[in-house]
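Take this structure first; my questions come after.
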There are 2 protein chains.
Amino acid sequence: MNNQAIGFIDSGVGGLTVVKEALKQLPNEKIYYLGDTARMPYGPRPSEQVLEFTWEMTSFLLSKGIKMLVIACNTATAAALDDLREKLAIPVIGVIKPGSRAAIKSSKNQRVGVIGTEGTIKSGAYKRTLHEKNPNLFVTSLPCPEFVQIVENDQYESKYAEQVVAETLGFFDDKNIDTLVMGCTHYPLLRPFIQKAVGDKVTLIDSGAETVNDVSTILDYFDIAAKREEETTHEFYTTGSSDDFNEIASGWLGLENINAKTIHLGQGD
Amino acid sequence: MNNQAIGFIDSGVGGLTVVKEALKQLPNEKIYYLGDTARMPYGPRPSEQVLEFTWEMTSFLLSKGIKMLVIACNTATAAALDDLREKLAIPVIGVIKPGSRAAIKSSKNQRVGVIGTEGTIKSGAYKRTLHEKNPNLFVTSLPCPEFVQIVENDQYESKYAEQVVAETLGFFDDKNIDTLVMGCTHYPLLRPFIQKAVGDKVTLIDSGAETVNDVSTILDYFDIAAKREEETTHEFYTTGSSDDFNEIASGWLGLENINAKTIHLGQGD
């Protein structure tokens, strides 16, 4: 039993899709969230830089006191999970393996699509993980560079978003996939448009939501789940505008009083 | 990556319900199974003795070389999980927390039933775990002492089994539960009769099958999942009759060539 917070980090607001699931599945847990909005998107950055930024976010949350770290960002998971796990004494959970596992469970025809940022797709992390688990899987990956920015600009319900998603995902029309991994935690906010674009027969995998199952398992495994009598207060931090963050976060999480605080990391950029 | 086997232990054939799910979800993994059929049922035994027997089973599989241990038995999980986890360097997974988590996710009306052996129910392990995770849950527990023996006698499809199950579970008629935890790995073999007895509106939780999700998460967490080019051979051991074991195991798992070996543990009993 451990009532310390679980830390969630992301390049921006995408990790809130993981938090949303955590609030549902793990109501006893206190959450500290940090979105590096000032330096997003991470997708186009070199992986060394993503690693550096991820360490900066991690240090901040460690200084606040966390019992577990969730890298609620696929780009950062691909770039930094192994290094963080090796060096930290607290459990570190990434989003790529849980998403891969769910995809393998879901696919009947062995043809799986993966969408993500340039960084995530270039790292090959999904393809590698999927093939390790099932060498017969046929995996088609597609970077979707514009999606993150659309979500961060709070345009994820716009006509423009629908158009970009439809055009980008037209790529899968002749790929005959039955499962599509949303390999970026921002993408579930675009879920209705993504589903429409690929059709109802394709199962969408929300790698972030799947990750919460892992968080729950690891909390139990190390016996560090929280036990709480009264309600807890979550804390939200952003390196960008707290007003923008509050607006997206309260809309998406259905919570009032997000009260995000703006903090500064590194040398800026 | 680690191609060693995962060990599964149970008082008898019940743990095969967990193995069945593992074969499906984790086709790369090699399985060593040991059922202590000669000394089952564990349910009525004092917990100190169950702990002792569980250690004997564990030592046998350790000597064969395993990378992870699954206590595929609720009675043994209640009696021995903490002790084994504390003393072994390999990961040890029990069936009670995964089952509890699934029950909490499933229940809408907050009224959950738990069935298990006398040992499991008396330990209070499910009630305690469920309440830790959700203090508002109303939990009704019922020991079902006859079920294990019915399964071990290969009578689990008989008219007699149907009758015993119906009579025993009549207890829940006025309990208004919407979720029932099958808190014994033998019970999924009786699933059709259990479902019929409690009605279609009650969701049955197969704690063993849920456990395989945990196994998968922990394999990934410690990076010890198997990677295999060719098919692997599983190994089955029993302290009882290998013919009886082979018959139930091949029927339930849909595998030929179970070829269980009989081994001896402890002083007999």
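Here the Cβ of each residue, glycine as well, is placed from N, Cα and C on the backbone.
Sharing the record's features from TrEMBL:
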ACT_SITE  A:CYS73  active site, proton donor/acceptor
ACT_SITE  A:CYS184  active site, proton donor/acceptor
BINDING   A:ASP10, A:SER11, A:TYR42, A:GLY43, A:ASN74, A:THR75, A:THR185, A:HIS186  substrate binding site
C-alpha of A:HIS186 (substrate binding site) to C-alpha of A:CYS73 (active site, proton donor/acceptor): distance in Å?
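Cα to Cα, A:HIS186 (substrate binding site) and A:CYS73 (active site, proton donor/acceptor) are separated by 8 Å.
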Which has the fewest other Cβ atoms within 10 Å: A:CYS73, A:CYS184, the active-site residues listed?
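So among A:CYS73, A:CYS184, the active-site residues given, the one with the fewest Cβ atoms within 10 Å is A:CYS184.
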What residues, ordered by sequence, lie under 8 A Cβ-to-Cβ from A:ASN74 (substrate binding site) and sit at least six positions away in the same chain?
A:VAL95, A:ILE96, A:GLY99, A:GLY116, A:THR117, A:THR120, A:ALA125, A:GLY183, A:CYS184, A:THR185, A:SER207
Inside 10 Å of the Cβ of A:ASP10 (substrate binding site), count up the other Cβ atoms and send me the figure.
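Taking every protein chain into account, the count is 33.
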Hey, what's the Cβ neighbour count for A:THR75 (substrate binding site) at 10 Å?
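By my count, 35.
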Please find, for A:ASP10, A:SER11, A:TYR42, A:GLY43, A:ASN74, A:THR75, A:THR185, A:HIS186 as listed binding substrate, the greatest distance between any two Cα atoms, in Å.
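Between the most distant Cα atoms of the substrate site, 12 Å.
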Which whole-number value in Å describes the distance between the Cα atoms of A:TYR42 (substrate binding site) and A:CYS73 (active site, proton donor/acceptor)?
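For A:TYR42 (substrate binding site) versus A:CYS73 (active site, proton donor/acceptor), the Cα atoms are 9 Å apart.
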Could you check what DSSP calls A:SER11 (substrate binding site) once collapsed to helix, strand or coil?
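The residue in question, A:SER11 (substrate binding site), is coil (DSSP, three-state).
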For the substrate site (A:ASP10, A:SER11, A:TYR42, A:GLY43, A:ASN74, A:THR75, A:THR185, A:HIS186), what does the 8 A shell look like? I mean other same-chain residues with CB within 8 A of the CB centroid.
A:GLY12, A:GLY14, A:GLY15, A:MET40, A:PRO41, A:CYS73, A:ALA76, A:THR117, A:GLY119, A:THR120, A:VAL148, A:CYS184
Count, for each of the binding-site residues A:SER11, A:TYR42, A:THR185, A:HIS186, the other C-beta atoms lying within 10 angstroms of its own C-beta, and report the residue with the smallest count.
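A:TYR42, out of the binding-site residues A:SER11, A:TYR42, A:THR185, A:HIS186, has the fewest neighbouring Cβ atoms within 10 Å.
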Around A:GLY43 (substrate binding site), which residues of its chain at least 6 apart sit with Cβ under 8 Å of its Cβ?
A:SER11, A:THR75, A:GLY116, A:THR117, A:GLU118, A:GLY119, A:THR120, A:PRO143, A:PRO145, A:VAL148, A:CYS184
Please report the Cα separation of A:ASP10 (substrate binding site) and A:CYS73 (active site, proton donor/acceptor) in Å, rounded to an integer.
5
